[in-house]
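Copied over from TrEMBL, here are the features:
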- 21-45: transmembrane segment (TRANSMEM)
- 21-464: domain 'Major facilitator superfamily (MFS) profile' (DOMAIN)
- 57-78: transmembrane segment (TRANSMEM)
- 90-109: transmembrane segment (TRANSMEM)
- 115-140: transmembrane segment (TRANSMEM)
- 152-177: transmembrane segment (TRANSMEM)
- 189-209: transmembrane segment (TRANSMEM)
- 341-364: transmembrane segment (TRANSMEM)
- 376-399: transmembrane segment (TRANSMEM)
- 411-430: transmembrane segment (TRANSMEM)
- 442-461: transmembrane segment (TRANSMEM)
- 480-525: region 'Disordered' (REGION)
- 493-510: compositional bias 'Acidic residues' (COMPBIAS)
């Protein structure tokens, strides 16, 4: 039993509900990932290149980067008001609807205005993605029990990488549609297929309960209790559910009595700014590690290593499919070893993979050694392993859990804008670097990953297992108050993990645990 619980597996009715609902929510990230993955094949499709007047490497980079202008604008101006005013569910619905409008503009691009339609469609899709990509992890974080929060939020990234893989596989399949109709419409079909998961996502969201923390913030405590009962039934006692609601109400009331509801408090309040710069830097590092280039330019990287265009798309599909397994594995690791370990180990793996991809082409230029080329392909796969078990999911987990309820939406939105800035930089830097420096550009991104490791351990407090209402002990705002009832009920069981696996579960629960909170003296600044 301990072994099953150690893996984060729980077969209660509440657990099944949470996992099922988080899988539905992951469809939002699936659409996001699909649009990223399929673009790699669209940019290489001859019909698309003919559709876009004056298609060139510069315009290819512009089409890629302008999407992140849309996400940045959304993160800064739109995603927070949508999540706070409409609620997490309806914000996600609005974001997905906007995203679909952008996809429709791209799929219908034609004539002399084709480039303009694609560019506008990319910006609009970015606006919608910004809302979806923040409201979904917010919702997952706010409905999850503390000890399962990392795993359930990582499900969001599972959806993303599943969509990414699907986009590559669709792009690969479209290469076999090589008659005149495929030439003209193949890339349009690729883009349009994203409407299927988007529709399922939009149909399912209205049937979910709203986030209990959002409901409390808006004075709907009775509805919040019903939502908590729905998400906790069978795993927590009624008194524990009531205690959790009490903690949420106390936390929300404490912050509403201050000036922290203003968006400027993220920059003027030391506790909130301490969280903001960490989350923003984490999202920025998650893109500056080279991930954006690997997502958008992966088929081209494979072609440089001697693979044919079709085989490059096939390899991209395989690489993205492997990411799914790695991210699922991360689900069962992140709540055991913590956020910092997964981030640092992932960065180390990526740095080593980038070292190999930078060094071997210098030692064996112009594809003179096929073993060296195939070794580089393998280490691109290993790079993906590091990203999928590190920055990919963990940046969103960390950013979605460290802010208080009244500031969580705007905090995550501003933090995610750091990732958008990083994506814009990398999407422009990578093709220029490859053209001017060749494989030496890998050394730059290797250095970025190496620098990230000490930054993570020195500047980022561990958050695993802490209730959302108790993050103040790490980032300030604690003010000497006693630990929440929830944190005392959810005692740390790490000291019990080496006990006999057959020990009675009731006896295990009766043993006093070590509280999750300290006395508030070790506060990150």
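Residue numbering: from 1, along the chain as shown.
Keep in mind that glycine also has a Cβ here, set from the backbone N, Cα and C atoms.
Heads up, TrEMBL stuff is auto-annotated, nobody curated it.
Small disclaimer: the values here were computed from a predicted structure and weren't measured.
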Cβ under 8 Å to the transmembrane segment (115-140), counting only same-chain residues 6 or more beyond its ends: which ones?
22, 25-26, 28-29, 31-32, 35, 52-54, 59, 62-63, 66-75, 78-80, 82-83, 88-89, 91-92, 94-106, 108-109, 149, 152-153, 155-156, 211, 396-397, 399-400, 408-409, 412-413, 416, 420
Restricting to the domain 'Major facilitator superfamily (MFS) profile' (21-464), report the mean pLDDT as a whole number.
87
Top stretch among 57-78, 90-109, 189-209, 341-364, 411-430 for CB pairs under 8 A with the transmembrane segment (376-399)?
341-364
What residues in the same chain, six or more past the boundaries of the transmembrane segment (21-45), come closer than 8 Å to it by Cβ-Cβ distance?
60, 63-64, 92, 95-96, 99, 103, 125, 129, 132-133, 136, 139-140, 143-144, 152, 155-168, 170-172, 174-175, 186-187, 190-191, 193-194, 197-198, 200-201, 204-205, 208, 295-300, 309, 313, 316, 320
Counting a contact as 3 or more Cβ pairs under 8 Å, with residues at least 6 apart in sequence, do the transmembrane segment (152-177) and the transmembrane segment (189-209) touch?
yes
Contact call for the transmembrane segment (189-209) and the transmembrane segment (341-364): at least 3 Cβ pairs under 8 Å, seq gap 6+:
no
For the transmembrane segment (442-461): best-contacting stretch of 57-78, 90-109, 341-364, 411-430, by Cβ pairs under 8 Å:
341-364
Please give the sequence-distant neighbours of the transmembrane segment (341-364): residues at least 6 beyond its ends with Cβ less than 8 Å from one of its Cβ atoms.
282, 289-290, 330, 333-334, 372-373, 375-376, 379-380, 382-383, 385-392, 394-395, 438-443, 445-446, 449-450, 452-453, 456-457, 460
